[in-house]
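A.B. asks: Sharing a structure with you now.
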């Protein structure tokens, strides 16, 4: 940090990122040099084949070239290991060493070509060991050269040429004003970054139709992503180091927490009784939310028997049944839903696996056990769903009877409106209640489906006042405070452990970025030590490291300035750096706050944070609130705790449902 400037442009690699790749290449080169030296020593003076003299000269030059490369790599590794992330001063000679190392690729390339020519034209009569050594040297050279090209492409930054300076389009009278130049530069960089990200999204989603919805989604997502790290000078390894530091810091705080703070009420209180009832209902409805994923999740959850159970019905002609159900492109999905829920065909009113951006699959069925008309919405399972997730700007959502500002996540809001129109305008709900008029409406979903189910419940609440909604692992940045408070009357959100998604919102991500910057700014250890200890901690656990802080010897206002040298204009307007010296959030947030829906049931593992594989896991549950999800928690479980099969297992295990409802899920280990 900052990104290294080479060949007149900034790259996505810092001067302290070359310790590990340099050490790896150094090891390869050292072994190569030793093998070549042994070959040369054993055959010196005895190269008596047709190209013996040529081979002798080739090996001598190769030994000298490898020796120079090894010395250069030693210098690169040593210099790269100096200083800290925010103190690149001891590494100021790194660009010169990189130039030297790059120049050495040219003679290596030439010598690899000459070696290939010798093998093909002059190796007749030479010993196999000699020919094999030259072939090995040529192949190794080409592999290293190819790896270098791939590495350059990986660390290439399309925005690296956007360097500060006098902008050609700036008015002449403004060129001497640093603030105007900085403002114009920041605007230009953001515009270019948005275009780059939009091009990346179009390339990634080239198989999707390029209609107005997709173009609008690409543009809004590009605006969101491009501006996130634009006002910082972080490289990917800085983010990794910051996450490692933040994880250990959060674990230290968790270990210091008073155990009495975990349970806010006694097990015999009425709140506890209500908790048990909700847990039992949540475990029941989670099966339907998981079933909405269709055959992929069913096969994943039943790897040994899933294909066998589905194969008998997948290829069977059900055209008449599909017409009655009203589904489309079902394939094996319908069979997996039948297997997962235990319902009969006659219990389904509608099944749709139609999937486009802002249009997600769902099904409607009669749950006779709970006497409910059940609407289950599928979560993220396709690239189109990801685009819906990432369309995270706010959209107004007018709801009758709700006081306060009402807005919600745009992509999920439009998905909820799509399902609402299908249910109401197409008469699907009317058909269901004609069959079972005494049943109540229950809406459920997981992840993206949980967000859409919650907003759908808000839309349907006025016409179905007794409806209930169970949202499993819902997005944290879903709805405004007014809507979140309103939804507490009929929505129950279930969150497992340190699940990332219920903690995801734009303000939370901005807070995470600020915390990462503060962690890497204050730590006085070199990056390679941070990453090594972080990897060991993630894999094997141990005691969080007490990293010394540079604040002991440096003024904090100095650390709040980015280390961009002559390129610091780009970040002089950065709110991130201006708020770095404070633990509080920026006083002028740039994004509207969004909250998770309803009352929140938080389920956590009861026992040590790290356990052995296949060990018995116990869970505890407690009512929580949105303030507990304002910070992103770094953990190896932050993704695993979001998976629907893991949530289902935790609920079934906690609620002691019959084993037949468990889908055969076994507990996993988190290392």
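Backbone N, Cα and C atoms are what each Cβ position is placed from, and that goes for glycine too.
Please treat TrEMBL annotations as automatic predictions, because they have not gone through curation.
As the structure is a computational prediction, the values presented were derived from the model and not from experiment.
Found this in TrEMBL, in case it helps:
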- 20-41: transmembrane segment (TRANSMEM)
- 53-79: transmembrane segment (TRANSMEM)
- 99-119: transmembrane segment (TRANSMEM)
- 131-156: transmembrane segment (TRANSMEM)
- 375-506: domain 'Fungal lipase-type' (DOMAIN)
A.B. asks: Report, as numbers and ranges, every residue of the chain located at least six residues beyond the transmembrane segment (131-156) whose Cβ falls under 8 Å of a Cβ in that stretch; write 'none' if there are none.
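C.D. replies: Counting only partners 6 or more residues beyond its ends, the transmembrane segment (131-156) has Cβ contacts under 8 Å with 11-13, 21, 25, 28, 32, 35-36, 39, 55, 58, 62, 105, 108-109, 111-112, 115-116, 118-119, 123.
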A.B. asks: Give me the mean pLDDT over the domain 'Fungal lipase-type' (375-506), rounded to a whole number.
C.D. replies: 93
A.B. asks: For the transmembrane segment (53-79), give me same-chain residues lying six or more residues beyond its boundaries with a C-beta closer than 8 angstroms to one of its C-beta atoms, as numbers and ranges.
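C.D. replies: 15, 18-19, 22-23, 25-26, 29-30, 32-33, 36-37, 39-40, 44, 47, 90-91, 93-94, 97-98, 100-101, 104, 107-108, 111, 114-115, 118, 122, 126, 130, 134, 137.
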